[in-house]
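This report refers to the structure that appears directly beneath it.
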């Protein structure tokens with residue numbers, strides 16, 4: 001029997017790096033994962049050491065590759081998916097970053113964004129990039145690096161530095177510094193890319209003061225991105241797919257038709273609805289973004305971004321020490337008859353969509369002497385569901401009419417949370433058999449380019465549902481819970497009275 005052709009999917013996330021090998025039937029053959037440190041040098045600042053990103057990625061890739069090939073598989077291509085917006089600048093000659101990566105959650109440029117908005121720039125920025133003026137995106141992060149690292153701006157203007165999101169940095173390292181490129185989905189998250197012309201926008205570059213010489217080439221999501229340095233894996237492997245993590249999950253959930261919608265629950269939560277070949281401007285402060293670009297065809301999406309989802313549970317574990325594992329929260333939440341009036345608004349780094357309040361900070365409301373660790377665990381889980389409900393309401397106002405929501409990410413292993421989500425949304429929620437949908441999306445792109453996977457219709461037949469969660473909550477209960485949540489959000493907003 002010959003070796004089975006497979007795809008290595010690299011999933012470089014906010015708190016961990018993962019590598020997963022998929023076969024031609026989109027089944028998982030091998031998985032490797034490792035966490036890496038987070039750095040918080042100041043209030044609202046979040047950084048990663050780029051060498052931690054690279055070392056952890058290389059480590060898990062080698063582990064998964066070795067495990068799969070021990071089972072008779074042969075990896076024929078690599079697909080990469082990544083935490084988006086996180087910004088790096090490195091020296092083209094040495095490959096060394098000039099500073100830690102500034103993570104998507106980082107809010108250090110909030111005042112810069114506010115100043116640009118006060119000068120009347122947000123309408124132009126949104127019209128061209130589909131995004132709002134917010135420190136979430138890469139442009140002001142890049143400008144901050146150029147302004148705060150000694151000599152960086154001059155080196156950038158002289159063509160000695162390279163900018164990239166995490167995919168671009170990994171591609172540079174994987175190819176031994178031979179390829180400086182990104183894909184359209186990652187480019188569309190920078191505030192520098194025109195989603196209509198499909199190119200870097202000169203007016204946006206001027207506004208954010210980012211030299212064009214810094215920027216990578218923008219390619220399709222399924223494309224030839226060069227070959228890996230043979231020293232890394234013992235032989236060169238073609239990199240045939242790049243995609244931002246939420247777009248990767250959109251592909252992995254087979255949301256190829258307009259109106260299909262998915263929500264991913266990892267460090268943050270991201271709801272994405274496919275809008276087809278036409279970009280739909282949001283009237284409710286959602287993001288108009290690129291879902292994927294394949295064979296020159298672009299499909300667009302509306303996205304709502306929640307900065308803190310699973311990270312709230314991680315805080316309960318690592319910050320407060322009230323749970324040993326994230327899995328404990330399910331039994332704690334289920335053991336309560338109700339939430340006891342306790343709400344957590346986890347605005348640790350501000351509020352994302354639809355509020356976009358960079359100055360908001362987290363709150364716990366409704367605490368009494370009867371409140372215990374179970375109430376905190378339940379409040380952390382419920383918070384992701386309430387925020388999803390806010391996003392779905394905005395999407396419906398913008399014309400989306402979802403029949404069901406497909407969910408993925410580490411949090412959705414928690415059946416209690418997914419049922420609460422269905423109840424709160426009053427909408428069926430589908431959980432897939434293959435939970436690694438982000439990595440699966442990257443694998444599909446590389447596998448499609450390699451000839452291992454077929455078109456959208458063929459790949460859609462591979463998707464299988466593990467369980468459907470149907471809503472069962474009385475309307476009166478839902479209404480009361482949502483009213484309590486909205487009151488908690490009002491107390492959290494930066495303009496709220498003391």
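Note that Cβ sites are derived from N, Cα and C of the backbone, with glycine treated the same way.
Because the structure is a prediction, the values reported are computed rather than measured.
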Query raised in the report: Hey, Swiss-Prot has ADP bound by 14, 18, 267, 410, 414. Any idea which of 310, 319, 362, 366 it lists too?
Result: 310
Query raised in the report: Same glycerol site as 84, 85, 245, 246 according to Swiss-Prot: which of 40, 136, 292?
Result: 136
Requested in this report: Mind giving me a neighbour count for residue 84 (sn-glycerol 3-phosphate binding site)? Other Cβ atoms within 10 Å of its Cβ, every protein chain shown.
Outcome: 27
**Report entry** Maximum Cα-Cα separation in Å among residues 14, 84, 85, 136, 245, which the record lists as binding sn-glycerol 3-phosphate
**Finding:** 15
Query - Neighbours of 14, 84, 85, 136, 245 excl. site residues, C-beta within 8 Å of centre, sn-glycerol 3-phosphate - result: 82, 83, 86, 103, 104, 189, 244, 246, 268
Report task. State the count of C-beta atoms found within 10 angstroms of the C-beta of residue 15 (ATP binding site), not counting that atom itself. Result -> 16
Query raised in the report: Taking the Cβ of residue 410 (ADP binding site) as the centre, how many other Cβ atoms fall within a 10 Å radius?
Result: 19
Report summary line: Given the binding-site residues 16, 246, 414, the candidate whose Cβ has the fewest other Cβ atoms within 10 Å is 16
